[in-house]
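First the structure, in the form of structure tokens, and then the observations on it.
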Amino acid sequence: MTIKLFFKYALPTRFLGHPFKISSRFICSDNNLDKLVDPQLKFPENNEYFPQQENKLKESSFSVQDLGFLQDSILGSSKTEPKTGKFPHNDAFLVINAIKNSNDGFGETTDKSLRQFRQKLNPVLVVDVLRNIHNLELGVKFFKWAGRQIGYVHNVSVYDALLDAIGCGVNNGLPEHFVHDIGKDDKEVLGKLLNVLIRKCCKNGLWYLALEELERLKDFGYKPSGATYNALVQVFLQVNRLETASLIYKEMSELNFKMDKLTINSFTRLLCKVGKWREALDLIDKEEFVPDTVIYTNMISGLCEGSFFEEAMNFLNLMRTISCIPNRVTYQVFLCALLNRRKLGRVKRVLNLMISEGCYPGQKIFNSLVHAYCRSGDYLYAYKLLKKMDGCGCQPGYVVYNILIGGICGNEELPSKDVLELAENVYSEMLTAGLVLNKVNVVNFARCLCACGKYEDAFSVIKEMMSKGFVPDASTYSKVIGFLCNASKVDKAFLLFQEMKRNGVVPDVYTYTILIDSFCKSGLIQQACNWFNEMIEKGCTPNVVTYTAIIHAYLKQRKISDANELFESMLMQGCIPNVVTFTALIDGYCKAGHIEKAFQIYARMKGSLDTPEVDLYFKVELDDGNKEPSVVTYGAMVDGLCKAHKVKEARNILDVMLVEGCEPNHIVYDALIDGFCKVGKLDDAQEIFAKMSECGYSPSVYTYSSLIDRLFKDKRLDLAVRVLSKMLESSCPPNVVIYTEMVDGLCKVGKIDEANKLMLMMEEKGCHPNVVTYTAMIDGFGKAGKVNKCLELIERMGNKGCAPNYITYSVAIKHCCAAGLLDEALQLLEEMKQISWPKHRASHLKVIEGFRREYLISLGLLEDMSNQNFLPIIPVYRVLIDSYQKAGRLEFAVELLKEISSSSPFPHLDKKIYSSLIECLSVSNKIDLAFELYADMIKKGAVPELTDFVNLVKGLISMNKWENALELSESLYYMLHASKSTTIQLL
């Protein structure tokens, strides 16, 4: 491209701005635009939204009328696309043979041979010859010969075929020797050929080559045609060179050429895209073009692409004012653009306007709208859109239901309770419609249901889907089983596993391993082993994860020989242990209390210790990747040492990690901080806290919990408040555990009002107190002598949906008894028996979760529970009986003793209760009741103490029953004599 040409067409210019005006000629036309919207909902460059109109306009751009080839209409070729040359006409072969057989370089012989074809000569025949002659020189000569024949005129397709034969318009222009050769023969033909070449370059996007050919066209004294100018304008618009396109347009206007519809569409769209919509309207007016829905839709598309959404909305209103009503495609173009730019607020406005005018989106648009609002988190509006589909004549289908449920449940973050309920409603509607979730959404939906405690629903999802024709695979079953297992619902996981096998879906090693690992974590090792054996029988080979899960479980239950036996079996099967296995060994030995053994395995992994005690685990030669400790291995060792209060050794391991370049993670830091806090070394804990922050780890709730707990134990309330403030500054909201620690800590230092205010505050912050929080507050009120507050708080618990457990009742009963409120204590006992009476050891252990051991010991609630049927509520009765006894209400005390003794085996410790009551009854002249208790004690197999006999004798004497007293004394004498004789014999 010459420098002159560059400066002429490439320098930027601007359209002159004009005030906004609407021509009276702007009227509506009934154009069918149903296919304007790209199904991918993305705005392409240029005119991809208008394929039908583009094709029609391209034909008219190169029509016979524009080029002056009137003969084409007679020959009927103007509307007929020439053949490709792949299957040429027979006459073309005859012409080619005549040319080649003449062998005179297109001399007289050739001319004579071709005379027979003059009557048959037409553009189609010429095109076929040019594309099949395969001799460029002969082809050009034939082209020139044909152009000289009377009654025949070249059309566009012929020029295009010649340029293809020469190889022009794709990578290069027309060679000079061809220009001179053709120009010397017929200058008019050369001008037409160059025009076609320019358009061909434009069509191929070669705007720079088109400019060079334009310059050559003008140098030869020719003028570009209107079609050529239109092609040039379009190619520069396609590459966003608006200034150059404007210069070309200015030049063509000066020559009185008009833009065709396709060019106007492209021009106005690009002007709108850069915000020059007023110039676009002026351009339409200047070209005396009658705008219709198509061009307005195109302009709205340009405005949207340029993010001029307010102007696009104004164009919608403008169309109505001139009775050019937007149609479905207009709105869909607008909606698609808004969706692509996530302008969802405007989407609602446009959609409501669209529907109010009776113009309804199609199913694809609805699907895209639902997806967009799900992605933005506005699930309620997405659901409203789904419901609107029916009213718009668009039945919701499989896709939109899956989009909505997948949008709610497919995120890593779990949905809220309300949003999940919405998903359940949608799921119910989907079932009614006979539709199913896809495989991914079955898994996602089940995961969310499990996380919200709706295990029964999660379990039934697969069964319901199967009733609708859904066929789950092993992967789907395995993932849902995994969710149930992670939620500790191993019973439901087991049922689903059985269902899986009944349906003929073969469990794989992944499924078996999930179940085995989950049952091991639940302490159900025997069932886990049964599945382990089953998978082997079924030909499913356990992997290292399967073995590791069972070995870890054995160690935690101190079944070391079983763990070792399984480890040897793993080696025999050729399953090589990895770093995860050794980490599980270390963690298992730590949890079993064998810290020394865990440390030996760790040291052997490090290569710093060679002891035969752990040779079993290192029989197989391992590569470095399998025996080099990972950060998890270090974490298990640190955690085990800290829990054994060996914090100095744990700190040494941290130093080793840093030296060896193994960066500790937040779990390691948290374990160390908790360990130092537990042993009261707060300074060391703060040092680790600082190091953790330096390494870029943000303290977690667990970190803050350890620090706050220690600070309250040390009665450092000022520091505890500072830590809490730092926690809030770090956008780490306290959880119920931290709030409970603070409530309990404040109560222990006598700041009851502050503790109560804190508990009220945590509710305001959306963190609901649990039973441990309430119990700590009740205990605090009781110790402060505010027993009425204890009773009010128990009632408040019920109103808040937090049921008191037997520890809560035990605390409240203890304080009621201390305050002399025995009737209230007895009423609490009755409530306790109805609501929170733990019947087995397992339920008792579940209840005491969350309560500190020291606290339970202080209440006397940690009894020897070796007997599974033992009720761990004896201390409650003991307190009540003792209180009634001290209050002189002995009959109530006796009734309570009979009640508890009839409900459980007689504990050795409670002989004291019997003895104490027998003494009180004897002194109170209630000797008959005293003997009833004595008989009950004997019946339960207890051996009375000597003091029991003495108290009974005293009671009989006080009531002047001397004869009975003598009989009891005599029986006591014989009993002691027999006992003495037995002792002598044994000696």
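Placed from the backbone N, Cα and C atoms, the Cβ positions cover glycine too.
The annotation repeat 'PPR' is assigned in TrEMBL to 225-259, 292-326, 327-361, 362-396, 438-472, 473-507, 508-542, 630-664, 700-734, 735-769, 805-839, 910-944 (among others).
Residues 37, 39, 41, 328, 332, 335-336, 339, 342, 344, 347-348, 351, 355, 403-404, 406-408, 415, 419, 422-423, 425-426, 433 of the same chain lie 6 or more positions beyond the ends of the repeat 'PPR' (362-396) yet place their CB under 8 Å from a CB of it. DSSP states for the repeat 'PPR' (805-839), grouped as helix (H, G, I), strand (E, B) and coil, give 27 helix, 0 strand, 8 coil. Taking Cβ pairs closer than 8 Å, the repeat 'PPR' (438-472) reaches residues 402, 405-406, 408-410, 414-415, 417, 420, 423-424, 427, 431, 479-480, 483-484, 486-487, 489, 492, 495-496, 499-500, 503, 505 in its own chain, all 6 or more past its ends. Confidence in the repeat 'PPR' (630-664), given as mean pLDDT, stands at 88. Note: the repeat 'PPR' (508-542) comprises 26 helix, 0 strand, 9 coil (DSSP; helix = H, G, I, strand = E, B).
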